[in-house]
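Working notes, beginning with the structure itself.
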Amino acid sequence: MIGTDIYFDLAKRNVRLHFLRSVLAAIGIVIGVFAITTMGIMGSALQVAVTGDLGDGGGQITVSPASGGGGFFGGSKETLSIPEVRKIERASMGNPVVPYRSTFSQFRAAGEDGYASVYGLDPADMPLVVKVEEGVMIHGGDRALISSDIAEEHDLTIGSRITIGDDEHAKKVRVAGILKNSGFGTGISTYSSIIITDRLYQELNGKDSGYDRALVIVEDLDGVEKVRESLDKSLNGRKETVDISDPKALVEMISGVLGAVSMAVTGIAGISLLVAAVSIFNVMMMSVTERTREIGILRSIGVKSREIIKMFLYEAGILGAIGAVIGGILSLIAGAILIVLMLQDISYLFAPSVLMNVVVGIGVGIGICVLSGVYPAWKASRLSPITALAAE
């Protein structure tokens with residue numbers, strides 16, 4: 001066992017005897033492990049944030065007018081017509097379809113102007129696509145649901161009044177509820193958004209027989225692909241008339257990009273770990289040179305070559321373990337701060353895939369140190385006892 005191994009004790013003694021040199025060598029490992037682990041933590045946390053939010057909108061398929069050309073019912077493709085929405089409903093395999101209108105509009109709250117995405121929905125469809133964390137859903141009248149960021153920024157509560165639209169087409173509404181953040185991947189954004197009834201929306205923006213988009217709400221996530229294929233076959237059979245998208249494909253693409261960026265940044269940060277490895281190599285070579293006579297004494301009393309190798313690898317491992325553990329702890333602290341600042345949710349730090357970066361970082365740090373000590377250890381084991389004892 002290591003705890004009772006005399007060669008481990010000798011390795012610890014040498015680290016203590018050359019404390020300053022050992023500290024400087026360990027600092028290089030601290031910096032290297034800190035750099036690659038922090039970058040890994042951030043990359044993994046971003047991936048967890050993106051893929052985790054998919055659960056809220058993973059069952060929503062968005063159908064929108066195709067970019068260019070007329071629809072299968074003719075006319076402009078700026079909106080989805082009511083006949084098109086009916087066709088979407090028939091091709092949705094029994095899943096609910098939520099058509100909606102949207103625009104980017106000015107609003108005024110508490111004497112301050114702002115801009116938000118304004119959505120017009122049938123009140124019966126609202127519970128299918130959004131949830132409220134405060135207040136109630138709206139069923140009609142001059143009522144609105146607002147996103148939590150708007151409520152916080154303008155100090156709005158349930159019952160507060162806001163004015164939607166510009167001066168010519170403005171409408172005062174009362175806040176009925178504050179939206180729960182649905183995260184990434186949902187068709188209707190819950191960030192900087194206001195939801196009103198479709199009737200009120202058309203009062204503000206003029207009568208319109210078309211819809212901007214339609215959401216197909218698929219309850220069984222495993223059935224998303226089948227529903228998508230059914231929609232594509234029915235709506236785009238002869239000509240591409242609508243664009244069909246679901247968050248899964250987008251999230252896979254974003255995850256791939258984030259993964260590639262994370263690997264690239266981690267690779268750059270890994271250069272510092274290579275520099276640290278060179279430092280460990282130099283320290284171990286110096287240790288061999290300084291302890292030549294000690295090695296000769298050990299060899300003369302019967303210590304075998306493999307035990308000399310073990311002693312020096314222990315020393316490299318101790319330096320690596322100290323530096324890697326400190327670097328891992330510092331990366332956790334830095335990762336927590338960055339996650340709170342960027343994602344505003346510390347829980348991402350404790351995802352298994354995120355914490356695994358710390359384990360891997362520490363393991364890599366120790367492994368590189370041990371590898372850096374292999375040649376010096378081998379060189380020490382090859383010293384002739386007579387030559388070593390004669391060394392000054």
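A Cβ is built for glycine as well, from the same backbone N, Cα and C atoms used for every other residue.
Marked as domain 'MacB-like periplasmic core' by TrEMBL: 22-232. According to TrEMBL, the feature domain 'ABC3 transporter permease C-terminal' maps to 268-385. Look at TrEMBL and you will find 22-42, 257-283, 312-342, 354-375 tagged as transmembrane segment.
The domain 'ABC3 transporter permease C-terminal' (268-385) scores a mean pLDDT of 90 in the predicted structure. In terms of DSSP secondary structure, the domain 'ABC3 transporter permease C-terminal' (268-385) contains 105 helix, 0 strand, 13 coil.
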